[in-house]
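The feature Zn(2+) binding site is assigned by Swiss-Prot to HIS573, HIS577, CYS675, HIS679, with sequence analysis given as support.
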Amino acid sequence: MESAEIRRRWLSFFEERGHTVVPSASLIADDPTLLLVPAGMVPFKPYFLGEVKPPFDRATSVQKCVRTPDIEEVGKTTRHGTFFQMCGNFSFGDYFKEGAITYAWELLTSAQDKGGYGLDPERLWITVYQDDDEAERIWHDVVGVPSERIQRLGKKDNYWSMGVPGPCGPCSEINYDRGPEFGVEGGPAVNDERYVEIWNLVFMQYERGEGIGKEEFEILGELPSKNIDTGLGLERLAMILQGVQNMYEIDTSMAVINKATELTGVAYGDAQASDVSLRVVTDHMRTSVMLIGDGVTPGNEGRGYVLRRIMRRAIRNMRLLGATGPVVKDLIDVVIGMMGQQYPELVTDRERIEKVALAEENAFLKTLKAGTNILDTAVSDTKASGGTVLAGDKAFLLHDTWGFPIDLTLEMAAEQGLSVDEDGFRRLMKEQRERAKADAQAKKTGHAGAGAYREIADKAGATDFVGYTDTESESTIVGILVDGASSPAATEGDEVEIVLDRTPFYAEGGGQIGDTGRIRVDTGAVIEVRDCQKPVPGVYVHKGVVQVGEVTVGAKAQASIDDRRRKAIARAHSATHLTHQALRDALGPTAAQAGSENQPGRFRFDFGSPSAVPTAVMTDVEQKINEVLARDLDVRADVMGIDEAKKQGAIAEFGEKYGERVRVVTIGDFSKELCGGTHVHNTAQLGLVKLLGESSIGSGVRRIEALVGVDAYSFLAREHTVVAQLQELIKGRPEELPEKVSAMLGKLKDAEKEIEKFRAEKVLQAAGGLADSAKDVRGVALVTGQVPDGTTADDLRKLVLDVRGRIQGGRAAVVALFTTVNGKPLTVIATNEAARERGLKAGDLVRTAAKTLGGGGGGKPDVAQGGGQNAAAIGDAVDAVERLVADTAK
């Protein structure tokens, strides 16, 4: 049974039993604690935690998953992989143990012609938690599994929790006996190589308390709502149903291995070392395609680093196999060919996926040879000196200059019997980051070093900031910098940095951007100020352009800020304080500020949270903020000692350093924070605050984007206009729109199903005529042809199998049909048993056809699929298939 059919049967089985089919979520987890989705239940986590009420009682999905903790083992064993698909069924307060167990048994053991997987019940073994009498009773008394095939295991194996206080419960695993050739008997408690786990049923019925690890924690009691979370590894079940030894030999993986062997000339099974490389390439290319398809791009941090690491590992292993040129495009084509039916977005997004992958391949190939030479020299030098540890600076050089991920260096060094000084590498990386941070600040402020500013400060003293009370000031120019160097003067058109003895300009800090405005010199010169920074303590630097005249040190000037812009920024900054306090009231003190940025009419606020904030909580926070605005609370700023400020409960701003005297901004009885920024005088001046939403920006950190004042009103006005337009189109009140739109979408879905049914029937109507057109080639009934453009891969496969079934009389039959999808050729070829007995295998025929089409393909001996780039070559591909049939048929 093909992987696509396993997936289809899973979803169909549970949909027929009242489950809502939920499409696979993106691999980019909507959870700050996770880099990538590692399990099928992750998209449902908010429902299990009670953060969001689920819109259904039952759900089922086939979720894309990526796990990378054992990436170094991928290829070395046949059990490790980074990408897999997790089939799951979920119940939220609906059915519980008996429902989950009976559903699982029915699907696994029902005959294949009845929609099941047709597994032999005698080969299924069950494990339950050691104290779960109820689960064992259901398995034995209700399902009928003999007691000798039910084993009890402890918390380590058969109890599930998230590792923190929250839902937990016992689980029951279904294991398949692969036979005596895989080891001794005795069940999964004795041999997990022979008895392979295929399905895990988790019974979430208890609340976990504090504790350590997977075993040492307290059970606080039963949950008010008992839930079901199950997971079945699709690739593992495919391994069993397809009768192969491991997951690398199933249809979706073997096609990639076949392409890699075609590109390198190294056959799978020739040698242990080459088999390892072929498995690495197969797994990592599948993972790469799925990650890029979900929007991940190669980089040096987070998900981007995971992708870069596995891509470069795959490329290097192709080189070890003998590839000399670019290979990823060919491999991507095969992956999409095998996975595109289940995930059609891969086909739609093929061009972007290939573009991202090719860019990474080209970048790595440019440096791989040189980097490998550097590493080989370093390894030789280390061994020659009797050392066993590669120096950290060598690993840093490979990373910094040649783009080698540290993991690749570790792996390549280990192949030569060396370890790597990782501490030294990390120290050098830290020093580089600190230099980069300093360089970025220098670029931002436009200075080449702090010396010039300190020199000005030594001569003229610190800048007197009067911007809390004044928008203008009479000032003296005490310093001018042009191109980062001190200058006595600057002329019209020069980009300059001006230092004044006194200024109303706020310098960027505390999340508030710098002021803009003008400096008018008594001589008539005018400087447009575009930013204000404070590169060294006490010195305010006004960055801008001399618009008119000449500016000299010592000249008198009038400095004035853009007051309208300043007020808009002040509204945003005060709104940030209100948002911070409202979040702390809603979520507790853990919702501490982790950064902010205040701009005219809008702000963003970063805060700590282990998970997404529920929509209902966000609505309450927004309402509370606007209620404070309506209370007309005064905003006051006081300077006091740091100890007094702490005594009053003032909250410190993220990332700021404070002296003995601090400025405390108080908003009525609602908020009190240490802050050096500018603010409104009364909350009514904010007018309106609209929170646009929150999202994850890193592990444990969320970000809120918001609008203030006129910007918030304009946003709501636009939304109101859209709602009014929808009312006109749908003929309903605003509160009726969700229900009406949902009903319309339901009708649309039904119509699409009817169209799909009609289209499939039209395609199959052609089957009879095609079967009648069979051509005799050395006693083989050969059917070839091109069907209408745009026929889907699924429909083409159905048509091919239908035509094959119409050729009767025990004749050997080969059916090879072609079409084009989005201008690119696609072929499906099938053979019957009589043809296979004469040496005709669909996979061989497809590879021949696909090669003629400028692409690749693969599959099983009875049916295979391929594609290419050159649709004009379909006629040549038909001829190539006919020649191969004539040459091969015994």
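Cβ atoms are placed via backbone N, Cα and C, with glycine included.
Keep in mind that this is a model prediction, so the values were computed, not measured.
Structural mapping of features recorded in Swiss-Prot.
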residue	record	Cβ neighbours (10 Å)
HIS573	Zn(2+) binding site	25
HIS577	Zn(2+) binding site	26
CYS675	Zn(2+) binding site	26
HIS679	Zn(2+) binding site	24
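Under DSSP, HIS577 (Zn(2+) binding site) is assigned to a helix (H, G or I) in the three-state scheme.
Sequence-ordered, the extra residues of this chain that approach the Zn(2+) site, with Cβ no more than 8 Å from the Cβ center of HIS573, HIS577, CYS675, HIS679, are ALA570, SER574, THR576, VAL635, VAL665, GLU673, GLY677, THR678.
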